[in-house]
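A.B. asks: Take a look at this one; I'll ask things after.
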Amino acid sequence: MLLVASAAVYATTAGYDSALMSGINIIPSYTEFLNLNTTTRALNVSANFIGWGIASLTMGPVVNAIGRKNSILVALLTKLFSIGLVAGSQNFAMFLSGRIILGVASGLSSIAGSTWLAETLPPNIRGLGLSITFSVYYVGALISAGITYRTAEIPGEWSWRLPILLQSMFSLICIFCLFLTPESPRWLSHQDMMDEALQVIASIAANGDQSDEEVRQQYQSVVESREKERTEGKTASYTELLRTRSARRRLMLAVSVAVIVMASGNNIASFFLGDMLTNAGITNKTTQLQINIVLQSWCLVCAMIGTFLMDRAGRKTLCLSACVGMTILMFVIGALTKTFSTSQDLAGIYGTVACIFLFMGAYSVGITPITQLYPPEVLSYSIRTNGMAIWAGTIAIFAIGTTLVFPIALEAISWRLYFIIGAWDVLETIFVAVFWVETKGLSLEEIDELFEGVVYNGHGVAEVREDGVMTKDQGGKDRSVSIARSDSG
């Protein structure tokens, strides 16, 4: 559980940052001191994702070279430096630079952290572990919303500098936890550190008992998977992502998560809630900050519900349900904003706010938990870190686009923006329904079976015909039995 705790503390940083920017965007002294307008305010938000983009281009090989844990440590130390730079900013350029560096660190920790957990947690808790790490995103968001609500009363610059500085507490806690946790057994096995890999698997699955049958089977599956990838000449390079049809399909699914996470309309409420509420007819700054706190609390509850449903309902079912709900609610928000934004009808205004809450609730139940769960599950070892780097890059691209465009578009076309986003959400819903595969309850090697048609059975790598019949194991022994298998695409 310490593994999950370490990653969860990291995820709170992302949530804290989201609500932090939404909160300080409402505080007048922040925009006044840095002399911000709508464009530069949006740029300060998107700067974090510019850093993510830089990380996605450079950090995949780093994670493979120095290991998952060491990569996370480097990211955390970099975060501490960048937070100090942002908190002490004397001008817009200094603030922007610090935010970009923070984004690089966040991108690196996201690539390494999700890969680390996916490769280390046993199948029976992997879904819960990876889901909960990003669901507690809202713990950080709630803490941030509460802090900015109180610091907004402080006269002068410390009303926004203090909440930025307090962001460092999560990184400090995570550094402490990191030293008490093991490295990924799959990374260790690919470094030929087999004894260490076995020790990690045993410590997690059987309290250190290396003779346990489940431990031996997991270990053997890891070894067989490694040997098969080496036999086929697979390497941890970016070209591997496009070499086979299976790899391309895996990458497509991982990238689709990034698009859904960032382009479904949630970023308006996450980063520009004040603008959204102003458009709905609520202009009082204190009221907006109070709504921000309640919204983060609501999202936390919904995300935890989604986390505990993830291994029961499944990844695809929850995501698809969320997409349908978000699509409907986005159109309703647009219609209500058009009708009541300039009226004094409190029922209509409150109805708009209620729909914003329902939209973010649907997102939190079905999208938040799979953010860092589904991508590393569908990516095989040889493409996992570089695939996660592409995932991070896609998040960065769409985040930069939405955080730059949404506030400007909201100011220019108001309620019409919600209808445009709703139409996009329809396309997302169709994609999930048609292309996603279910991975709940499967080990990473069993998920490989869905894409590769190969079974890691603990006795040798089995060959599988196109009709789903397993014919021979690695030793050549006849094993003509049927197995369940989806289209390998």
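Heads up, the Cβ atoms here are built off N, Cα and C, so glycines get one too.
What TrEMBL shows for this protein is this:
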DOMAIN    3-440  domain 'Major facilitator superfamily (MFS) profile'
TRANSMEM  46-66  transmembrane segment
TRANSMEM  73-94  transmembrane segment
TRANSMEM  100-118  transmembrane segment
TRANSMEM  130-152  transmembrane segment
TRANSMEM  164-181  transmembrane segment
TRANSMEM  251-273  transmembrane segment
TRANSMEM  293-310  transmembrane segment
TRANSMEM  317-336  transmembrane segment
TRANSMEM  348-367  transmembrane segment
TRANSMEM  388-409  transmembrane segment
TRANSMEM  415-437  transmembrane segment
A.B. asks: Are there three or more C-beta pairs under 8 angstroms joining the transmembrane segment (293-310) and the transmembrane segment (348-367), sequence spacing 6 or more?
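C.D. replies: Per Cβ check, the transmembrane segment (348-367) touches the transmembrane segment (293-310).
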A.B. asks: Taking a Cβ cut-off under 8 Å, which residues six or more beyond the ends of the transmembrane segment (100-118) line up next to it in the same chain?
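C.D. replies: Here the qualifying positions are 3-4, 7, 10, 13-14, 17, 47-56, 59-60, 62-63, 68-69, 71-72, 74-76, 78-79, 81-83, 85-86, 126, 129-130, 133, 183-184, 372-373, 375-377, 384-385, 388-389, 391-392, 396, 444.
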A.B. asks: Near the transmembrane segment (46-66), which same-chain residues lie under 8 Å Cβ to Cβ, leaving out any that are not at least 6 residues past its ends?
C.D. replies: 17, 74, 96, 99-108, 110-112, 115, 187, 236, 238, 385-386, 388-397, 399-400, 403-404
A.B. asks: I need to check the long-range neighbours of the transmembrane segment (164-181): which residues 6 or more away from its ends have a CB within less than 8 Å of a CB in the stretch?
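C.D. replies: Sequence-remote neighbours of the transmembrane segment (164-181) are 2-3, 5-6, 9-10, 12-13, 16-17, 20, 24, 69, 72-73, 76-77, 79-80, 83-84, 86-87, 140, 144, 147.
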A.B. asks: Cβ under 8 Å, sequence separation of at least 6 from the ends of the transmembrane segment (251-273): give me the contacting residues as numbers and ranges.
C.D. replies: 18-19, 21-22, 25, 45, 241-242, 288, 291-292, 295, 319, 323, 326, 330, 356, 359-360, 363, 367, 370-371, 374-375, 378-379, 383, 387-388, 390-392, 394-395, 398-399, 401-403, 406-407, 410, 417-418, 421-422, 424-425, 428, 431-432, 435-437
